[in-house]
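What TrEMBL says about this one:
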DOMAIN    3-270  domain 'WDR5-like beta-propeller'
REPEAT    23-64  repeat 'WD'
REPEAT    65-106  repeat 'WD'
REPEAT    107-148  repeat 'WD'
REPEAT    160-191  repeat 'WD'
REPEAT    211-236  repeat 'WD'
């Protein structure tokens, strides 16, 4: 899936590259989208201050969630898809009841725009980060802030997510560094460098299908892959012609998707499989 400044969501067949659906309804550009874990719904966050919930079979939104008072920048579903967490330029983190379409909690989370929000694997915790450089762990049920993680230099935090086992938090910051935090001890246990990230909110992720790796785009138009344990760069993927804003990894196959911006409005699929299939390009 792809969300864009043109106010649309596009659904692609991830293997053939065919476009399946275009969803339209937001009045302004879309900053983030998330699939529910059962694959039934898509949520979108927009500069029009709303979140829209979509069924891929329907071209109109199922629900519109209103409450943010400024741009909605990021969102994610809980593991069982009953809750949605969002963050925005109003500096709040909001937890929504999806079925009822209403806000359950408003967390005065940060002192700058919230750039990422994520549930852990069982939905009991939420992690958020912001341009204020803080990473915060929240109790999803009570809304209490359990922990604040901050680096000495306090760089702008672009993105944050829990590791697959939820024991760590992966954070990308605009000092061209990705950090793996043990949030129980509040210690940064690993750092990954080599890419360039000074300006944009880049999205790193874990790859666990063919080993344990960290994958992230870069402002030098490349995709970097690090060995999670050794922190060494094991591969650099070249082909994009502009900043690689986002990457995603396939849940069961060795496939990486990467999306670039203005000069190169494409999504590229990178295959590392016995079939030897070459990388593909989905062009909008």
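Using N, Cα and C of the backbone, Cβ positions are placed for all residues, glycine too.
The repeat 'WD' (107-148): residue composition by secondary structure is 0 helix, 22 strand, 20 coil, according to DSSP. Most Cβ pairs within less than 8 Å of the repeat 'WD' (160-191), among stretches 65-106, 107-148, 211-236, belong to 107-148.
Mean model confidence of the repeat 'WD' (107-148) amounts to 96 (pLDDT, 0 to 100 scale). Counting residues of the repeat 'WD' (211-236) by DSSP class, helix then strand then coil, yields 0 helix, 15 strand, 11 coil.
Secondary structure of the repeat 'WD' (65-106) per DSSP (helix as H, G, I; strand as E, B; remaining residues coil): 0 helix, 24 strand, 18 coil.
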